[in-house]
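Feature annotations, reproduced from TrEMBL:
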- 7-230: domain 'Cytidylate kinase' (DOMAIN)
- GLY11, PRO12, SER13, GLY14, SER15, GLY16, LYS17, SER18, SER19: ATP binding site (BINDING)
Amino acid sequence: MTSPVVVAIDGPSGSGKSSVSKAVAARLGLAYLDTGAMYRAATVWSMETADLSDTVSVATAVRAMPLVMGLDPAAPGVELDGRDIAVTIRSTEVTAAVSKVASNLEVRSELKRLQREIIEQESSSVRAVHSGGRGIVAEGRDITTVVAPDADVRVLLTASEEARLRRRSLEVHGAADTEAVDATRDQVLRRDQDDAKVTQFHVAADGVVTVDSSDLDFEQTIDAVLAVVTQVTGREVAPSA
Ligand SMILES: Nc1ncnc2c1ncn2[C@@H]1O[C@H](COP(=O)(O)OP(=O)(O)OP(=O)(O)O)[C@@H](O)[C@H]1O
Ligand SMILES: Nc1ccn([C@H]2C[C@H](O)[C@@H](COP(=O)(O)O)O2)c(=O)n1
């Protein structure tokens, strides 16, 4: 049995955090936590049950939010009050509003508490005895610095603005021409600007390893992150099938 490992990955929008973290978790047999999905779920819940312009009302709502995070990297569901909201949280409306909710410091404090609880649970040695020594890959904007600064492996996944806009544009519009890229700027660059007021994800903190994926394809980026895991923990990763 290998001991549990915690891998923390931060980075700006479109750098590949979610897709790369999921693949890394699957390759290592670890759980996967998408903390951005938690802020998005908090936004959905606040839209439904609070006044978005009132920070106290939003914080009160989020403290009572009936959220269940799925941790399977192959199917990481998000359940709110018994409803599957995996699609809803990716809507344009939620994406446009999420930075406002994420800048509410009381919301951040509550979600940090929940995130630490999940990371602790997935990496406790008690659980490891039963699960063959799991662990977790947690990704977001403040995991390496605030939520899990003591994680075994800490990675800042970056990419140039151009690469991030192109990737998001291809994903959302199926094209990366000027018009499609321009339509993507708000959800990538404006959001980063707003998010950077409360979190620091552009520069690696001390001890955090930067992986720049600007000139790497998806598979090369996964391999680069796995190489950091091996380098830091000594854990060998089996080649993909
Ligand atoms: N190295 C890469 N090369 C090419 N495309 C990539 C690479 N990494 C990720 N992608 C693609 O870029 C898009 C954005 O990736 P992803 O959603 O994982 O980014 P993210 O950092 O989680 O973004 P956000 O924080 O906005 O949710 C996806 O379509 C993904 O498949
Ligand atoms: N640890 C985190 C994770 C996410 N956020 C905020 C910033 C984003 O705008 C929003 C959604 O994240 P995404 O799904 O795009 O990765 O949540 C944060 O502040 N801290």
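Every residue, even glycine, has its Cβ placed from backbone N, Cα and C.
Nobody curates TrEMBL annotations by hand; they come from automatic prediction.
It should be emphasised that the depicted structure is a prediction, and the values quoted were computed from it without experimental measurement.
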Fewest-neighbour residue among binding-site residues, criterion Cβ within 10 Å, set SER13, SER15, SER19:
SER19
Which whole number is the mean pLDDT over the domain 'Cytidylate kinase' (7-230)?
95
